[in-house]
C-alpha cells in the first residue's frame, strides 16, 4: 500500500514527460493511421500541455501507414521495402500529429533519430540542444526512429528503446510507454490465466526478464524490450510507467495520480550527461569480457576497470573508442571509453598493475576504463 501511495505522489510530481505510443494504438487494426484515435490522444496530450507539463512524444506508426498507402497486406521483410514504407508513412504520420495538435493551438516539430545519432558525441549534443529549445518554446517534439536510413535498427531496433534514450537526453521526470497490454505481469497472461499484474517493480530487478513475453505483428517491441527500455531510463534516474493505451483517458488519469499499469521505479541518482551519452551506445566498437571480481568492483563499489579483471578482448577498437564490458555469461555490465587499443588490451589483459607498467611503460594509464568514463548497467 505504501508503494502505491509513493507511486501516486511520484506521478503527480512529474513535469517533463516522454510519452511513447505504440503502432497498435495509432492504427485501425493495421489498416493505416486511425485519425479518431490520434485525435483522442491529441486531446489528452493537450490537457497535460495546458496544465504545465512538458511533453515529448515518441510515435510509432510510419511503416504501418506506408503499408496501407502502398496497398501492402503484409509487413515487408526486406530492408529496402521497409525503408520505403517508413519514408512514405512518415509523411502521413507527422502530418496527422501536426494537424490534430494544431487544433489545440499546439505547435509540433518532427525529430527523426537513429541510434547512430545518439552514439556520435557531437550529434548527440546537437540533438540535446535542439530538443531543449523546443521544450522551452512550448513546442511538442514528435520523435520517431529514422527507419529510412537505419540498417539493422529497422529490424532489431524499437521505439521503446529510443524513448528511453530520449528520456535520458532531456532529463525527463517520467517515461510513459503506452501499449496494448495492461502492464507487467508476473508471468505471460496469454498462457497463464492466473498471471497477476505488478503495480510497482524495481527497474533493476533481473527477475523481470524471466516474466516478460513477446510482441505483436505490426509493432516490434515486446515486453522484454519494454523492460530493457525501463532499465535504460532508470540509469538516468527516470522511472517508467507501462500502461494500456486502451484504458479510457489513460494519460489524464495517470497524471492525476491514478496508478494504472506498472511503475518501474528507480533508486539510482541521475547520471552525468557524459554517462548518458555512453549509455546510449547500443552498438560498440568491441567488448571486454570481465571476471566476477571486476563485475563486483564496478557495480557494487563503482571502481574503474583494471586489466587484471579482463578475461578476453573481442573486436577491433582504438584508444578512446566506446566498448562494452560483459560478464562471463555475456550479460552487459557497463559501457565506457577504453584507454587502450584492442591490440594493447590483448597484451595486458589479466595483468596486475605493476606488470602493466613493465609491459607498456610508466607513462600509460593503469585503468582499462576509468570509472568517470563508464556507464553501469
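Keep in mind that glycine also has a Cβ here, set from the backbone N, Cα and C atoms.
The feature ATP binding site is assigned by Swiss-Prot to 20, 179, 180, with sequence analysis given as support. A strand conformation is recorded for residue 20 (ATP binding site) in the three-state DSSP classification.
For residue 147 (substrate binding site), other Cβ atoms within 10 Å of its Cβ number 25. Taken from Swiss-Prot, the feature substrate binding site covers 60, 147, 159, and the record attributes it to sequence analysis.
Marked as domain 'PUA' by Swiss-Prot on the basis of sequence analysis: 285-363.
Annotation: 60, 159 are the binding-site residues among 60, 147, 159 whose CA atoms are within 10 angstroms of the CA of residue 20 (ATP binding site). According to DSSP, residue 159 (substrate binding site) is assigned to a helical segment. Averaged across the domain 'PUA' (285-363), the predicted model reaches a pLDDT of 93.
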